[in-house]
Amino acid sequence: MQSADSQNTPKRPRRDGSPRTPPDSPLADAETSPSHDLDPDYRTWGPEQVWSFLRRCGFSDSELLKRCREKRMSGSLLPFPEDLGISSHGKKMKLLNCIQDTMKVINDPIHGHIEFHPLLMRIIDTPQFQRLRYIKQLGGGYYVFPGASHNRFEHSLGVGYLAGRLVRELSEKQPELQISERDILCVQIAGLCHDLGHGPFSHMFDGRFIPLARPEIKWTHEQGSVMMFEHLINSNGLQDVMKYYGLIPEEDILFIKEQITGPPESPIKDASKWLYKGRPKEKSFLYEIVANKRNGIDVDKWDYFARDCHHLGIQNSFDYKRFLKFARVCEVDNMKHICTREKEVGNLYDMFHTRNCLHRRAYQHKVGNIIDTMITDAFLKADDHIEITGSAGRKYHISTAIDDMEAFTKLTDNIFLEILYSTDPNLNDARMILKKIESRNLYKFVGETQPMIQRIKKENYEHLPNEVASAKPSDVELEAELKAEDLIVDVINMDYGMEDKNPIDHVRFYCKSDLSKAVMITRNQVSQFLPETFAEQLIRVYCKKTDEKTLFAARQHFVHWCLINDFTKPQIKKLPLRKLKKELTTATG
């Protein structure tokens, strides 16, 4: 049994950056640290909550903040600016407006009760952001997983919230980083707005439809997000609101856009050159929170792992809250990067494994993918006959709406129903495809294979249907003539997020003995059970015709094509075992 004295003996301080690490400054003191979540009733706030609130509202006056702490002012004084030492009429009005616009609380099924700054709420309450309510997060996956009815709207809220969590964790843990309230707000806005540029059915639009409808351009939803963000700010007059809350639009709008798209293109490939303009090199770590171009560990993934798994009914094995507790900024090659404890390396491999599993089980589900393909076919046939009104009354099609953000604001998943219920004879072909989806009369899966040696290059994808159609076995009599237009060849690249590279090679870790020194951990130091390769390619073939004769011909062509190209043994769609053996035996002679 412990004595009373031993029970009162303070525990040995931890040196790993965890919450029990002794505070380095008054800001980090456990008794005085401002909470992440302020109670909506400001009258209950203590001095530190008032201090945090004033900072969030853009009051950067050091004397005011110092006085607030020294006199231990409570929230009950906020309606009386003079008692806080605020004499300027403009600042009085700003404070009173801030009180009216205190943090809004939203009940999210993934993260619980989450708070948003008034400026974030002004962004959320715009037509450009509300549009995300009508874009399915997983596109055609909803037709396979009935629970996957969630949209880009709630995912964006989650990413904005987590971005704030991570940057505040770093700020409170390492005050020497000098993370300002401006920085925090900008990171949250970038998280909130990172998916504004998604089109109907999310990745189907920029991954399948636009490359076929407009092959001459390279357009991504990240580019669309930046364009839509600019449109959102300008059309809703939010520059003045940003200034009101302490931002500098000339600098901060650029910083927000850079977090979404990455640095500008440079003809000189020099890793040591700082290409960003929104924030200096000393704050390089801020660019690793929303969309981490360095190693892919970012809050975007954390939210969609948790949210997608919740709606798909799949177990999520990655806990972002643990990463938050061990995240620290260390210097690596004269740059500041977000690092984690060396003991967390196994959990990070689990994170990337979770991503790979989600792609295998859900994102690249063969039925979900073919539904995306059918919707793409329908949109291509409807493209010239759909008109969307944009700025100055100009008309745009589905594929050209990306050139005008006023038109793009009106383009959501609802275009599916517009085509489906249209009586326009020009939309007959597109309408028939969508009716097939509704009645589950889908293109038929023929088979799946993998290249054994060399992966198929993207520029060769369009030639694959012709290759399969031409691969007619000479020793098999077929009753149907197969044409290239009857086939869909879907090439899927599965990886850990960095093509064939190991993403952990781009992560740095710190040890308990030295919190400031970043180290690299090689794959062999972790486990012998980790993957040897980090990327593979799957090739799936589908047939648009559903009669037995054409499907039999398609299987024969597919098997012969695999043999010609020395691909892996083809996996054929469910056939009776005897019939499958007979087909393979016939094809191989």
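Easy rule for this one: first residue shown is 1, then count along the chain.
Cβ atoms here come from the backbone N, Cα and C positions, even for glycine.
Annotated features, as they stand in Swiss-Prot:
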{"type": "COMPBIAS", "residues": "1-10", "note": "compositional bias 'Polar residues'"}
{"type": "MOD_RES", "residues": "Thr21", "note": "phosphothreonine"}
{"type": "DOMAIN", "residues": "45-100", "note": "domain 'SAM'"}
{"type": "BINDING", "residues": "Lys104, Val105, Asp125, Gln130, Arg133, Arg440, Lys444, Lys512", "note": "GTP binding site"}
{"type": "BINDING", "residues": "Asn107, Val144, Arg322, Arg341, Lys343, Asn347, His365, Lys366, Lys512", "note": "dGTP 2 binding site"}
{"type": "BINDING", "residues": "Gln137, Arg152, His198, His203, Lys301, Tyr304, Asp308, Arg355, Gln364", "note": "dCTP binding site"}
{"type": "BINDING", "residues": "Gln137, Arg152, His198, His203, Lys301, Tyr304, Asp308, Gln364", "note": "dTTP binding site"}
{"type": "BINDING", "residues": "Gln137, Arg152, His198, His203, Lys301, Tyr304, Asp308, Arg355, Gln364", "note": "dATP binding site"}
{"type": "BINDING", "residues": "Gln137, Leu138, Arg152, Lys301, Tyr304, Asp308, Arg355, Tyr363, Gln364", "note": "dGTP 1 binding site"}
{"type": "BINDING", "residues": "His155, His194, Asp195, Asp300", "note": "Mn(2+) binding site"}
{"type": "CROSSLNK", "residues": "Lys457", "note": "SUMO2 cross-link"}
Give the helix, strand or coil assignment DSSP yields for Arg322 (dGTP 2 binding site). helix
According to DSSP, does Lys301 (dCTP binding site) sit in a helix, a strand, or coil? helix
Give the sequence-ordered list of residues that share a chain with His203 (dTTP binding site), lie 6 or more positions from it, and have CB atoms under 8 Å from its CB. Gly139, His221
Between C-alpha atoms, which of these recorded positions comes nearest to Lys444 (GTP binding site): Asp195, Asp300, Arg355, Gln364, Lys457? Gln364
Reduced to three states, what secondary structure does DSSP give Arg440 (GTP binding site)? coil
Binding-site residues considered: His194, His198, Arg322, Arg355; fewest surrounding Cβ atoms within 10 Å belongs to Arg322
So, three-state DSSP: helix, strand or coil for Lys104 (GTP binding site)? strand
Nonlocal neighbours by CB distance (under 8 Å) for Arg133 (GTP binding site), same chain, sequence gap 6 or more: Asn151, Phe153
Sparsest Cβ surroundings (other CB atoms within 10 Å) among the binding-site residues Lys104, Lys301, His365, Arg440: Arg440
Which Cβ among the binding-site residues (Asp195, Asp308) has the fewest C-beta neighbours inside 10 Å? Asp308
What kind of secondary structure is Asp308 (dCTP binding site) part of, going by DSSP in three states? helix
Work through the binding-site residues one by one (Val105, Asp125, His194, Lys301) and name whichever has its CA nearest to the CA of Arg355 (dGTP 1 binding site). Lys301
Cβ density check for Asp300 (Mn(2+) binding site), other Cβ within 10 Å (all protein chains) comes to 21
Suppose we draw a 10 Å sphere around the Cβ of Arg152 (dTTP binding site). How many other Cβ atoms does it contain, all chains included? 23
Determine, for the Mn(2+) site, the additional residues of the same chain whose CB lies within 8 Å of the mean position of the CB atoms of His155, His194, Asp195, Asp300; present them in sequence order. Arg152, Ser156, Val159, Gly191, Val290, Asp303, Tyr304
I need the CA-to-CA distance for Tyr304 (dTTP binding site) versus Gln130 (GTP binding site), whole Å please. 19
